[in-house]
Amino acid sequence: MFKIILILAIMNNLLFSGNFINEQKRYGRVRDAIKEKYNLIENNLKNNNIKIEELNILIIAYKEEAILELYAKNKSDKIYKKICEYNIAEKSGALGPKRKEGDLQVPEGFYNIEIFNPASSYYLSLGINYPNTSDKIKGYKSKLGGDIFIHGSTATIGCIPITDDKIKEVYLYSVYATDGGQKKIPVYIFPFKMTNSNFNYYKKYYSEELINFWKDLKTGYDLFQINKEELKIKVDKFGNYIF
């Protein structure tokens with residue numbers, strides 16, 4: 001029920017700008033985050049010529065490097081620029097996608113934030129839309145699992161923890177972007193930085209099936225590195241990403 005309420009709050013925001021942040025401010029942890037982090041966020045955006053009321057963001061996580069990057073732009077622009085980088089506090093599982101419930105894996109692929117949890121067991125948390133269409137085709141149909149979050153704390157089981165302090169920033173960037181009208185916040189999760197040299201190294205040690213999946217991810221990785229624009233993504237009947 002709590003998730004449903006939060007999702008409805010996001011939907012309401014699409015019609016009435018300003019309502020979403022007011023809803024979020026009802027929670028003490030969000031108010032504390034604003035008190036502690038607002039000036040830092042506003043100054044960072046100003047230094048990058050981005051207006052907080054025009055904010056759009058995009059998040060990228062690299063599992064092997066344990067890094068989460070936050071990109072931002074004005075909603076009228078096309079090109080994103082990296083404005084923040086955070087350490088992922090703990091890894092879970094191995095390289096490779098999440099395919100079933102209980103495998104401890106962090107997903108790999110292209111997602112969006114769909115849940116804001118201001119009263120999380122992990123301080124604050126942002127839930128992604130795992131399983132997405134690709135996961136539903138390629139994974140174990142009856143037990144795909146779910147509840148994958150970017151969250152606070154330094155411990156996790158299959159999620160992306162960035163500490164209580166840093167989740168305050170990422171959560172607020174996401175809140176302000178949503179409040180300003182961003183309908184979806186992309187979250188791209190890669191096994192590693194998919195440069196040619198890295199890809200050639202890792203493909204020596206993993207199965208052909210996994211390498212073929214990673215080739216799809218690398219196509220998206222390369223496009224974003226070149227253009228710094230949100231990817232236009234489709235999924236074919238086999239669960240493969242098409243750009």
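Every residue gets a Cβ built from N, Cα and C, even glycine.
No curator has checked TrEMBL annotations; they are predicted automatically.
Copied over from TrEMBL:
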- H151: active site, proton donor/acceptor (ACT_SITE)
- C159: active site, nucleophile (ACT_SITE)
- 38-65: coiled coil (COILED)
- 57-190: domain 'L,D-TPase catalytic' (DOMAIN)
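The sparsest Cβ neighbourhood within 10 Å, among the listed active-site residues (H151, C159), is found at C159. Each residue contributes its Cα atom, and for the residue listed as 'active site, nucleophile' and H151 (active site, proton donor/acceptor) these two points are 8 Å apart. Here the domain 'L,D-TPase catalytic' (57-190) is broken down by DSSP into helix, strand and coil counts: 23 helix, 49 strand, 62 coil. When pLDDT is averaged over the domain 'L,D-TPase catalytic' (57-190), the result is 97.
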